[in-house]
């Protein structure tokens with residue numbers, strides 16, 4: 001697709017996405033300016049060194065500033081539904097994103113994945129299965145490499161994770177197949193209601209040729225894809241044309257209609273939520289013409305992602321699981337339902353992003369749960385979960401120490417915070433690494 005070179009362009013945000021957009025425009029000899037509210041924004045020097053960059057624009061992001069440009073490329077964190085963006089659009093200005101630029105140019109097949117939880121895992125395992133079967137594929141978007149970097153790789157399949165923020169910036173999502181894995185409270189500090197959040201996520205189906213649907217979550221059902229173009233999965237025995245989980249005397253098996261594909265114990269990912277992820281991945285590729293059996297076989301070699309119900313180790317019979325990626329209540333609920341132990345010692349806390357924690361209190365768990373709350377929203381967690389005062393602490397390290405002291409052999413210590421990490425850490429990865437470091441130090445010190 002040809003891009004007009006005479007347009008006046010502004011890139012808002014110089015992070016990973018903005019830097020990728022800058023390289024993309026520079027490679028096409030298209031001039032641009034950059035804007036970032038931070039004093040020392042990331043990648044600024046690298047972007048300013050590009051031939052196409054005319055300079056950094058300072059000041060307040062106002063309508064007066066925006067109207068100097070024909071097109072503004074924004075990063076996902078920018079809420080383009082607020083002033084002055086709405087006035088800019090009303091005046092004829094164009095707001096776009098890296099994903100829209102990519103979808104307009106990419107010639108291969110596109111798999112689009114969103115959901116409150118599990119989207120990174122499904123994105124990663126789907127790209128893994130494609131490569132294992134001899135296809136050229138890359139995981140990209142909100143997970144993996146920036147989408148515009150994929151254009152230079154000449155791949156046949158782009159497996160794109162899309163956050164609700166990214167979807168909001170797209171007029172439609174033209175893709176071969178899309179899935180909304182699940183929906184639970186998240187980002188209510190931005191959307192203010194579950195209805196608004198649901199509307200945002202549903203837009204992944206606008207432009208999709210086919211859809212994969214989680215029958216266990218009615219909110220994941222597309223409102224814009226005909227049922228004839230849908231493939232369903234569930235964590236129970238499937239109907240003839242569905243994927244599902246069948247219970248046998250020997251255990252659970254992934255199934256495609258009447259066909260049994262593989263025992264869940266054949267896989268390296270843990271918990272029922274991960275079995276749902278496997279079914280979603282198989283479903284996505286089945287809609288594109290792959291047989292379910294070779295996909296299920298390929299996924300047996302998939303090792304899982306760090307910080308997603310990641311097995312860390314054992315100490316004196318206590319198992320440690322790192323689920324730092326659980327940045328909302330729904331993710332923690334999914335982890336809790338998938339665990340097996342005599343007792344769970346769960347570390348929760350951080351920035352709750354306006355979420356209501358009451359669903360954690362009402363979980364029907366198969367084992368006793370002992371909660372330890374830390375971080376910015378620990379008092380909200382204490383109120384919702386009735387956590388004793390002596391299990392309410394400031395830091396992850398303190399919560400970890402309390403849980404280790406209380407745990408017995410066959411118990412599990414699970415970091416599944418139900419909150420974002422930015423109150424105390426740079427990101428959830430840093431929080432998960434801190435947890436793993438605490439486990440390592442414990443094992444070294446305690447033998």
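Including glycine, each Cβ sits where the backbone N, Cα and C put it.
Within the same chain, the residues at least 6 positions away from residue 115 (ATP binding site) whose Cβ sits under 8 Å from its Cβ are 122, 179, 180, 181, 182, 183, 201, 220, listed in sequence order. The annotation ATP binding site is assigned in TrEMBL to 115, 116, 117, 118, 119, 120, 121.
The domain 'Mur ligase central' feature in TrEMBL is assigned to 113-284.
Under the heading domain 'Mur ligase C-terminal', TrEMBL lists 307-419.
Annotation for the binding-site residues 116, 117, 120, 121: lowest Cβ count within 10 Å of the residue's own Cβ, 120.
A Cβ within 8 Å of the Cβ centre of 115, 116, 117, 118, 119, 120, 121, the residues given for ATP, is found for these other residues of the same chain: 113, 114, 122, 181, 182, 277, 331. The number of other Cβ atoms within 10 Å of the Cβ belonging to residue 118 (ATP binding site), over all protein chains shown, comes to 26.
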